[in-house]
Amino acid sequence: MEDTFLFTSESVNEGHPDKLCDQISDAVLDACLEQDPDSKVACETCTKTNMVMVFGEITTKGNIDYEKIVRDTCRDIGFTSEDVGLDADHCKVLVNIEQQSPDIAQGVHGHFTKRPEEIGAGDQGHMFGYATDETPELMPLSHVLATKLGARLTEVRKNGTCPWLRPDGKTQVTVEYRNDHGAMIPVRVHTVLISTQHDETVTNDEIAADLKEHVIKPVIPEQYLDEKTIFHLNPSGRFVIGGPHGDAGLTGRKIIIDTYGGWGAHGGGAFSGKDPTKVDRSGAYVARQAAKSIVASELARRCIVQVSYAIGVPEPLSVFVDTYGTGKIPDKEILKIVKENFDFRPGLITINLGLKRGGYRYLKTAAYGHFGRDDPDFTWEVVKPLELEKPAA
């Protein structure tokens, strides 16, 4: 028997209270950037029964209707009555937004006087980017499957295939892997877990049958399922009360779901509600582009990149690369290639990845993952052709 191991990733869908908060924070960011691309945004959201509050620091020339953004976002997700967990049109909306601290503003941007390469990081911190050749997206399979199951739950709820579904839900996938000299080879799906909110009318048997037919079958490739695959479908029994009525929600509570499903590493900084001067977001995006480009160019089968910053300082303090023993050339050579091909200064990341553009851009990232998505707005997913040093003749 070959040596294998199990690894698990989870996801939540857009009606989960924490994810609702992420989406509201990013909808606010989108609105600010659309009206004023130089907006400085640090927008947090929290929610509980019948209440949503947005709070934080925002400096923008835009005229932002925060309450409308909150209600529209909740409504689009499907929170249209107290039965489903929140009533977008009648819930309490509290707004407590202040301007960015002038101390931070002068240290970071003096943004009207400084050239882009002089803009300092908005805070200290360290961020990671990760890539692996186990899927076409160059993302971990356990994470990809958990995420796609969550997205599919929402799809069949909104298109009427499973009318008994309600917005809140969670998924989790355990994959059996083989380690091939540092590269990850998925062998099979060991366990699939789905807990979804539903209305009172549906039976547990109907839930299980519909989830297998309309959610699991279309998402998980047949080659990974066998007679030993375990399914836990709403294992707690009933899940009628959900959304903010079931649990309180908070922006930035789902950072592993947003990234790599427990693979790679995480510096701890959340993404949603933050403009691109916040390196928690822009640093993690460029680190993903670097790691993905290394794997896509077949310099390694698996790669992690770390970058770190000091507040007010444009140049990163450190850049680190590890290819888990899968590199075609030594890691120190790959590190050199990364440093020569990617500019980690926040002002330049923002320009190179076009991060000042709002619209529906960031709202899309706030559910179903920031990485491995096939969408032109996810500019950090574009593989950069790497210029390699030609050895001297």
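Quick reminder: no glycine exception, Cβ is built from N, Cα and C everywhere.
Marked as Mg(2+) binding site by Swiss-Prot on the basis of similarity to another entry: GLU10. For the recorded site, GLU10 (Mg(2+) binding site), the DSSP three-state label reads strand. Around GLU10 (Mg(2+) binding site), taking its Cβ as the centre, 20 other Cβ atoms fall within 10 Å, counting all chains.
The Cβ of ARG238 (ATP binding site) has 12 other Cβ atoms within 10 Å, all protein chains considered. The feature ATP binding site is assigned by Swiss-Prot to HIS16, ASP168, GLY169, LYS170, SER236, GLY237, ARG238, PHE239, ASP247, ARG253, LYS254, ALA270, LYS274, LYS278, with similarity to another entry given as support.
Residues annotated as K(+) binding site in Swiss-Prot, with similarity to another entry given as evidence: GLU44. Secondary structure from DSSP puts GLU44 (K(+) binding site) in a beta strand.
The Cβ of GLN100 (L-methionine binding site) lies under 8 Å from the Cβ of LYS40, ALA42, GLU57, ILE58, THR59, each of these being in the same chain and 6 or more residues away along the sequence. Look at Swiss-Prot and you will find GLU57, GLN100, ASP247, LYS278 tagged as L-methionine binding site, backed by similarity to another entry.
The CA atom of LYS254 (ATP binding site) is located 13 Å away from the CA atom of GLU44 (K(+) binding site). Binding-site extent for ATP: residues HIS16, ASP168, GLY169, LYS170, SER236, GLY237, ARG238, PHE239, ASP247, ARG253, LYS254, ALA270, LYS274, LYS278, maximum pairwise Cα distance 42 Å (rounded to the nearest whole number). For the pair HIS16 (ATP binding site) and LYS278 (L-methionine binding site), the Cα-Cα distance reads 25 Å. When the Cα positions of GLU57, GLN100, ASP247, LYS278 are compared pair by pair, the longest gap among these L-methionine-binding residues is 30 Å. Following the DSSP three-state reduction, the secondary structure of ASP247 (ATP binding site) is coil.
Closest to ARG238 (ATP binding site) in space, going by CA atoms and restricting to the binding-site residues GLU10, GLU44, LYS278, is GLU10.
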